[in-house]
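K.L.:
Below are the structure tokens for one structure; questions will follow.
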Amino acid sequence: TKRHCLRFTTVLATTLLSATAACLDVGFYDRTCPTAETIVQQTVAAAFRNNSGVAPALIRMHFHDCFVRGCDGSVLIDTVGNLTAEKDAPPNNPSLRFFDVVDRAKASLEAQCPGVVSCADVLAFAARDSVVLSGGLGYQVPAGRRDGRISNDTEALNNLPPPFFNATELADRFASKNLTIEDLVVLSGAHTIGVSHCSGFAGPTDLNGPVDRLYNFSSPDGIDPTLSKAYAFLLKSICPANTSQFFPNTTLFMDLITPERFDNKYYVGLTNNLGLFKSDVALLTNATMKALVDSFVRSEATFRTKFARSMIKMGQIEVLTGTQGEIRRNCRVINPVSATDDVVLARPSGFTGVAAS
């Protein structure tokens, strides 16, 4: 096996709290559940054949999992009672979807190797498989993540980069996760597949920040001048004013050129004023970021290779390993306090399925 270790430091008010090395291994389940990656791949492939939107959804789900409490499967936990989980925070609901694909993969794994494969690893494998199914480059996924027991909507709001961030804000947010400017530009390339809701670029406000690039931008015609006029006209036809209020489920492709193909056309579109979000356009406002964008326009092979590397790196953000966390039996619900207790009958008093922080 090949071991991947990343060192993370946590700083609060300039006081060093901890410095820990988290290690994951390629082939982690070779002995304990040798068919683990095959089971996940087959489950994702079957879902993808039915709906190609599965691929961008699972890649995004992995990203949104890793940016909140690290890659611990916490985005998969359901809200129960008055403790709202990550998946129901505005950045995730209704945009995250296909949780059922993870459920099916996990159910198959539990039938084959009960209590062995974590939900966090299932999601990491599924994201890699989604990249490959869409035409991207395959890569080996270091595994051994453990599942967290806390899922909190506020933490999703505070950690996920919103679509209105500028270059500095994006770089700072990624740096807080031990990711570089190159990782930021590379991982933004995931927007080469998938869809967005109108609220990501045409709503009056979103997550306490302005996102409207079509109707109320501070320009004479209300349109963001960094947006192609023809593209703005198309977007307005799909997302009329107040669409988010009256037709909240309206979506459109993020990459206008090859919307279902994992390639470098996201960057080509970006340099032709076809970037959908403010955060996309922000990549052109910083010299280092723009140089990277230009390099990916010139070489799709470079982008594909670097995307695989950045996904491996992102997949190691603040992971739980060893005896930390748990191996969740059902990805939607944390395990009962006692691993030997029956999931339904032995719930302790006050058990909600979501651990409060």
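The backbone N, Cα and C atoms fix where each Cβ goes, glycine too.
Below are the features listed in TrEMBL for this protein:
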- H64: active site, proton acceptor (ACT_SITE)
- H191: heme b binding site (BINDING)
- T192, D255, T258, D263: Ca(2+) 2 binding site (BINDING)
- C33-C113: disulfide bond (DISULFID)
- C66-C71: disulfide bond (DISULFID)
- C119-C331: disulfide bond (DISULFID)
- C198-C239: disulfide bond (DISULFID)
- 23-335: domain 'Plant heme peroxidase family profile' (DOMAIN)
- 1-21: signal peptide (SIGNAL)
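Mind running through what each feature is packed against?
P.N.:
The local packing around H64 (active site, proton acceptor), expressed as other Cβ atoms within 10 Å of its Cβ over all shown chains, amounts to 22.
On its own chain, D263 (Ca(2+) 2 binding site) has G135, T192, E300 as residues at least 6 apart in sequence with a Cβ closer than 8 Å to its own Cβ.
Sequence-distant contacts of C33 (disulfide bond), defined by Cβ-Cβ distance under 8 angstroms and a gap of at least six in the same chain, are L109, Q112, C113, V116, V117.
Taking the Cβ of C66 (disulfide bond) as centre and 10 Å as the limit, one finds 29 other Cβ atoms among all the protein chains shown.
A 10 Å cutoff on Cβ-Cβ distances gives C119 (disulfide bond) a total of 30 other Cβ atoms nearby, all chains included.
With a cut-off of 8 Å between CB atoms and residues at least 6 apart in sequence, the same chain places C198, F201, A202, L214, T250, L252 near C239 (disulfide bond), listed in sequence order.
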K.L.:
Go through the recorded positions C66, C71, C119, H191, C331 and tell me which ones have a CA within 10 A of the CA of D255 (Ca(2+) 2 binding site).
P.N.:
H191
K.L.:
For a quick check of understanding: among the disulfide-bonded residues C71, C198, C331, which residue's Cβ has the most other Cβ atoms within 10 Å?
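P.N.:
By the 10 Å Cβ neighbour count, C71 comes out on top.
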K.L.:
When you put C71 (disulfide bond) at the centre and draw a 10 Å sphere around its Cα, which of the recorded positions H64, H191, T258 have their Cα inside it?
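P.N.:
Those close enough are H64.
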K.L.:
Long-range neighbours only, meaning 6 or more apart in sequence with Cβ under 8 Å: which ones does T258 (Ca(2+) 2 binding site) have?
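P.N.:
The answer is T192, K265.
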K.L.:
Is it possible to get the count of other C-beta atoms within 10 angstroms of the C-beta of D255 (Ca(2+) 2 binding site)?
P.N.:
27
K.L.:
Within 8 Å of the Cβ centre of T192, D255, T258, D263, which other residues of the chain have their Cβ, at the recorded Ca(2+) 2 site?
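P.N.:
Apart from the listed residues, the neighbours are I193, I257, P259, E260, R261, F262, N264, K265, Y266, G269.
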K.L.:
Express the distance between the Cα positions of C66 (disulfide bond) and C119 (disulfide bond) as a whole number of Å.
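P.N.:
Between the alpha carbons of C66 (disulfide bond) and C119 (disulfide bond) there are 12 Å.
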